[in-house]
Every structure is written in structure tokens, then in C-alpha cells.
Amino acid sequence: MKPFLISKRASGILLLASILFLLFVGSCKKNLLLIEGREVSTHNLVAPKFGIDPNSLFAESKNIMISTDSREASKIGLEIYKKGGNAVDVAIAASFAVSVTRPQSTGIGGGGFLVLHNAKSGKSYAFDFRERAPLTANRNMYKGKPKEESLLGYKSVGVPGTVAGLVLIQKKFGKLSLKEVISPSIKLAEEGFTIYPDLAEAIQESEKDMSPSMKNIFLPKGKLPEAGDILFQKDLAKTLRIISETGDSEFYQGKIAKALAEEVSTKGGAIHLKDLQKYKVKEGQPLEIEYRGHTIRTMFPPSSGVHLLTMLRMLETKELHSLYDFSQSDYYHFLAEVMRRGYADRAVLGGDPEYTSIPISTLLSSEYAKEKIEDFNPQKATPSSTYLSRLNLKAESPQTTHISVIDAEGNAVSTTQSVNYRFGAAVVLDGYGFVLNDTMDDFSRSPGEPNVYGLIGAEANSIQPGKTPLSSMSPTIVLKNGEVFLVTGAPGGSYIVNAVLQSILFNVDLHLTLYESVARGRIHHQFFPDALSMEGPATDTATFNQLKAKKHEIRLGNNYAKLFSVKRENGILYGAADPRGDGIPLGE
Ligand code: DON
């Protein structure tokens, strides 16, 4: 028999082929992440920002887990746990910290919502410490005025609630003293932290709008800072110290209140001392529904949590997991149509329940959802309406912030906080160093006039004295067999509700790992404009084309929401931070 010989040339080709094969296998391995004991493909996941290791965006632990959009805030949360703090102390400490490191997103001049769960009692609580319209505000205050009036400067500022909310919740449910909880943030403001690319960019983009005293802080010596520089906020440190010593009294009754009222009212804004003296946090029970064996608890109106629950009710009418396995385009088409209908409700009904009647029990009922989705056409998108589809959604930036915390017993906190658009009103309170919100823009300036996120609202969200503007922020907790399973939420303007919705679907219906549930490409439809926005990694080309064939007007682009979630399963705590953001999860 002839020996098996190959020529020199052939052996060279063989060698090259084997090297290429090994490189291919290696690169396939590179596209896999080991998460929760599973090999997960990165194919449908959004890639982390430049230089960020995806492995730093998910974590496991036993005792505590926190996920935030700020490395420093997550570290401070963990530090407070190690000092003996409970989940609430951790969340409140991280809230103050993030107000130092993400002034473009949130801060003590803003407002927010918080949902917490007490494992021992099995009870959950919801807090609304969002901005209120000043008492002299009125429905026509922006009528015929340039858009900037509700977005920039003193006229756009609502009465801030963050300090009242955080101080009250920490006092009620925390273990440590307020001083202990705020102290690391005072240090962070005083000694500074390293500016990261997103902050440097936000400063650059808002420079033209900033007041002179704001420029003194964010453009020291008149120069735009670069990533890697240190940001010092001495005045903010002073204000945080006052809060740590006096709680919320100086902020709402004393010297900070007087300075705030004086500065805003003399510069054309509507906030007076009375507005601050009368500020009250609203406390209640979260809204709740059962969804496929899970209890979903979310924030009450004027949060959009109620619409999140209606959307889940509509989704419940189909077996989603098998629909997803059978045809991704059918799944995404159905999901988009549910989003369209949920956001339509928001546009018409959304507002402050103390001023407008919101039929909550109807919106949470299965009958209502069934009726609402009855006209679903599996072959074709239902146009939102011809006149609405002509308007455009303004490009936005992912501001606001979210913090999720869970401990070994299943105590949990989910909180979303904001100064609204990038750097809020772009003014800081002189001498106190905190950015004032521009949340008045979240009201409907007039029925049908879109806000900065392209969201429309109706009479239900008109401006009235003392009223709270409608919000997309929807901090949410999911329980399974009476114990917390998932804590989730996101910043991202109009994208928030759909991101939280998909976070629930990814965890509950599709059983993905927690990191996949924050990093997966997402879709978004907000009724108006009548367009389906999709991220590249969300689907493959075939699905994309099938959705187009169903007459969706597809816009490929970023999803501006960033999910920060934690999960508890079989005694293990998991944390995940959105690769679209700047934060990390940390646990112990
Ligand atoms: O409450 C709201 O709906 C808005 N103020 C949230 C703003 C936000 O998430 C900013 N990010 N794009």
C-alpha cells in the first residue's frame, strides 16, 4: 500500500487551515461569557463601553448586592453595608453618592421614586418624592413661550423632593445614623473623583447653557475638563454636611430653603419659601399584579408603573416563551403592539392621581387588557394615527439614575431619581453647589405638545399648583413565592417603561441570566411617534425584514434606558449593570 504522503504545499495549507480553525474556535470562546454557571453568547448583547470588561458588569454574592450607574456609588453602598448598614442604608448612601458623581443625571435638587420590600413583614412600601409644581404655577405658564423656558433656567424648576425623600426613608427604615450614611459622599464631593467620559461629554454639551456659578464648578478655571481629571464640589460637600447634621430641616425650612427661594424667585422662577415649607413626601402601597406565578410590585402614579402592569396583562394573553421560540418576528411584533397600546394609555390618562382620576383597578384588570389588545393584527402594525406619525422624536441622552439593592434575607430597594434632562435646568444654587431640576418639562405644556422625550400628555398632566408631573420612572420589585426575586429599574426618559417591561420578560418569561436581561438588545415603541426603535443586537436580519414587512416604521438606534438590576435565586444574590452605562454591581 502506498504510504499516505502529502506534498509540502498541501501540508502548508493544512497548517494554515488548522491555525485559522483554532483562531475561529478561540474567537467563538471570546464571544462567550460564563454567567450564573451558564455559557452565554454575547451575540444579542449590547457591547460594553470602550475599555470596560464585560465581566465587571455582573456579580454574585451571599449577603448584599447593589447595582448603580456609578462605580463610586456602588463602592460606597458596600462600604455602608460593612459598617453595619441594612439594605435601606446602602441604597440611601448610594443615592447621595450618585448625586455627587452624576450631577448631569440626578441630585439633591431633583426628585424620585422608591419602592422597598421588608422581608420579615412581607410588606412593600412606595414613596413619591418627585418635584411638585410651585404654588404659583399655572397651566398657561409656558403657553406660546419658547421650549427652553420649561427646560433651562429658573423657570423650569419644580420644587425638589430628593432630600425630603431620602431623609424620611432612611429615618424610617435605616439602621445607621444619617450622618454615617452621608459621610462618604461628603468626602467624595470634597476630595473629588475622577471624571469619566460620559460626564466630560455632558459638561461639554451643556456648557453653553450653564450659569456662571455652575461653570465655576464644572469648568474650573474656565476650561472644559477631560476624562481623567478630578472634579471637586466643595459647596456641594458643605450642603451635604448640613443635611447630614440637620436632616431635611435646613433644606425645607432653614437657610438652604431661604437661599433657594430667593435665588429662584428673583431670577424669574416660581419657587417661594412656602413651596419648600409645604413639601411633603407621598407614601403608599405599590401597585401589584400577579404575572405568570410572580408578584410584580411597582410605583403608583404619576409613575408609569400602572401602564407597565397593563402591558404585562396584555402580554399574558399569549404564551410568550413559545412565541419567541417559534418566531422572533411574531414575538417582537406582538410586544411592539402592546407597547403602542400601553403608551397610548399613558398619553391620555397619565398624571397626578390627586388632581386627575386614573381608573387604576380597570387598568390593572385582565378584562381591560384583553379588550385593549383585541384589535391586534398578527400580520400588520396598527398605525398610532396618521397625524402623530409625522412628528419626530428628539434625540436624548440617558440621564436620571437607578439603584437596586438586595440583601440575604430578601430586603430590597428599587429607586429611580432624576433632575430630568441633562444637568436639569443647568443652574446650581449659588454657594450650595447643587444642580436644580427642569422637571416642569414633564408636564404637558399643552395637550398633545410633546416633552423633551417626544412624549405627549393630555389634560390629565396639565400644570396646576402643587401638582406632580407625570413620570416614566418605574422602579419595580418582582416576588416569587412571597420572596423577592428581581429588583429592577432604569433611567432613560420615555424608554424607561419598555426597558423595565423587557427586563421582566427576559427574567420571567425567557429565563435569561440577569446580565443578559440588562444587556440584551431591546425594542421600543412609545405610541407617538409611530415608529419601532430597535437596537442592532436585538434581532437578526431576517426578523428585522419580517417586522418591516408588517409595516413597522423601524428606526435602528440606541436604546437610551440603562437597567441596574439585582436578583435573588436559590440563596445566591446576583447583580448586573447595563453595558450602556458607567456603573457596576458590587456584592459581598
Ligand atoms: O420622570 C421622567 O419621566 C423623566 N424626568 C425622566 C428623565 C430621564 O430618565 C432622563 N433620561 N433620559
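Glycine is no exception: its Cβ is also placed from the backbone N, Cα and C atoms.
For Asn420 (L-glutamate binding site), the same-chain residues that are 6 or more apart in sequence and have a Cβ closer than 8 Å to its Cβ are Gly110, Gln399, Thr400, Asn437, Asp438, Thr439, Asp441, Asp442, Val452. According to DSSP, Asn420 (L-glutamate binding site) sits in a coil region rather than a helix or strand. The annotation L-glutamate binding site is assigned in TrEMBL to Arg130, Ser418, Val419, Asn420, Asp442, Ser471, Ser472, Gly493.
Taking the Cβ of Thr400 (active site, nucleophile) as centre and 10 Å as the limit, one finds 29 other Cβ atoms among all the protein chains shown. DSSP assigns Thr400 (active site, nucleophile) to coil in the three-state reduction, placing it in neither a helix nor a strand. Sequence annotations record features per position, and here TrEMBL assigns active site, nucleophile to Thr400.
The 6 Å Cβ screen around ligand 1 retains Ser471, Gly493 from the binding-site residues Arg130, Val419, Ser471, Gly493, ordered by sequence position. Compute the center of the Cβ atoms of Arg130, Ser418, Val419, Asn420, Asp442, Ser471, Ser472, Gly493, which mark the site for L-glutamate; besides them, the chain residues with Cβ within 8 Å of that center are Gly111, Thr400, Asn437, Thr439, Pro469, Met473.
Contacts of Val419 (L-glutamate binding site) defined by a Cβ separation under 8 A and a same-chain sequence distance of 6+ are given as Pro103, Ser105, Thr106, Gly107, Gly109, Gly110, Gln399, Thr400, Ala425, Val435, Leu436, Asn437, Asp438, Thr439, in order along the sequence. Under 8 Å, Cβ to Cβ, and six or more positions away along its own chain, Ser472 (L-glutamate binding site) finds Ser303, Ser304, Tyr453, Leu455, Gly492, Gly493, Ser494, Tyr495, Ile496, Val497.
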